[in-house]
Amino acid sequence: MVQHCPVFSQVQGVSLKNQSVAISMDQSLPHSSIRKHPRIQERRGSNVSLKLDVSCLGTVEPIRSLLTPREILQQFLKTSSRVLTEEELQEESKNTRALEAEFSKIPPNFVNPDELDIPGHASKDRYKSILPNPQSRVCLQRRGNQNEETSYINANYIMGYEGKEKAYIATQGPMANTVSDFWEMVWQEDCPIIVMITKLKEKKEKCDLYWPEKEGTYGRFGIQVNKMKECDGYTIRDLTIKERLEGASRNITHYWYSSWLDHQTPECGQPLLHLITEVEERRLVATSKGPVVVHCSAGIGRTGCFIAASIGCQQLKKKGAVDILGIVCQLRLDRGGMIQTSEQYQFLYRSLALFARRPPDTTSQSELS
């Protein structure tokens, strides 16, 4: 910061060094018929040499440009934090008004369509206002003719617990014309698990059916359903994905939590916590170590709740404290709009408070028989 100097505002075009500078000031006064004081008359037309000492300026830092609104928003999301102990979490989860106020202050960080200069991307977006943030979006690396349009998918890498890069991929529910893109992404990123949190239809289509009843072909991939099991609140499928050109194959576990409707919250967080525990256990033993794919319809509301709750459970389990505000801010840095409503934000608090009081039984339901 520039130190205060009473003469600084009078200096124009002066090199700011620790030295004295001389400035000549022409103080000619206008003619007047009024008789001047003798001392004033003596100064008419005179040149007065004024010596200014600017050594008081010291070392002057360069003037920094003002932050743009986007930079201010980003700074808020990067620095906001409120760590709560398990006891504090129990109390805060009941304070509806405070949670509404906290949620309302979190910038959504939605993408301006002008920031996404990709020809033809609109035909691959389920909702025109929900776009992938450019800095973290997944780009498909297709064989042959590679361009921005063929590399596009509405999906973002999401940071996980303790800053793990690409722990998750948050994406929209596949559309009829993006199903092959979806499987291309799953293969490219070596994803071991897919978590689906939506019905196929809720008045309108929310997600296209992107897996077969038994076997099916999607682009260059064949998908086979090996086993299926109904659990409390969700269905588990054991899938095999096979790349048809080279014949390589991998196993993928698909979790379908269909009872959570769009823009709503479940009455109880226990089924979600069970699902989170299942997914984490399966991830730890999976051969593939890529991101866990999570999607609902738009890929921000229920998807954001699942990922935020997963990270929060890990914080509580390993540290005995949780930073829900910090988690949600980081999610929105990676994909704008994560956690869509204040009700979802409150549900996140209540679910993590429930986890802190009573962690789910770690006995896995996902062993398919």
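Every residue, even glycine, has its Cβ placed from backbone N, Cα and C.
Annotations in TrEMBL come from automatic prediction, not curation.
The annotation active site, phosphocysteine intermediate is assigned in TrEMBL to Cys296. All protein chains considered, the CB of Cys296 (active site, phosphocysteine intermediate) has 27 other CB atoms within 10 Å.
Annotation comment: TrEMBL describes Asp262, Cys296, Ser297, Ala298, Gly299, Ile300, Gly301, Arg302, Gln340 as substrate binding site. The number of other Cβ atoms within 10 Å of the Cβ belonging to Gln340 (substrate binding site), over all protein chains shown, comes to 20.
Over the domain 'Tyrosine-protein phosphatase' (99-355) the predicted model carries a mean pLDDT of 96. According to TrEMBL, the domain 'Tyrosine-protein phosphatase' annotation covers 99-355.
Residues annotated as domain 'Tyrosine specific protein phosphatases' in TrEMBL: 270-346.
Listed in sequence order, the residues of the same chain lying 6 or more apart from Gly299 (substrate binding site) and placing their CB within less than 8 Å of its CB are Ile130, Asn154, Ala155, Ala170, Thr171, Gln172, Gly173, Arg335. Separating the Cα atoms of Cys296 (active site, phosphocysteine intermediate) and Asp262 (substrate binding site) is a whole-number distance of 8 Å.
Those residues of the chain, other than Asp262, Cys296, Ser297, Ala298, Gly299, Ile300, Gly301, Arg302, Gln340, with a C-beta within 8 angstroms of the mean position of the substrate site C-beta atoms are Ile197, Thr198, Thr303, Gly304.
Overall, the recorded substrate-binding residues Asp262, Cys296, Ser297, Ala298, Gly299, Ile300, Gly301, Arg302, Gln340 cover a maximum inter-Cα distance of 12 Å. With a cut-off of 8 Å between CB atoms and residues at least 6 apart in sequence, the same chain places Arg126, Gln172, Gly173, Thr198, Glu202, Lys206, Cys207, Asp262 near Ser297 (substrate binding site), listed in sequence order. Taking every protein chain shown into account, Asp262, Gly301 are the binding-site residues, and of these the Cβ with the most other Cβ atoms within 10 Å belongs to Gly301. Secondary structure counts, DSSP: the domain 'Tyrosine specific protein phosphatases' (270-346) has 50 helix, 6 strand, 21 coil.
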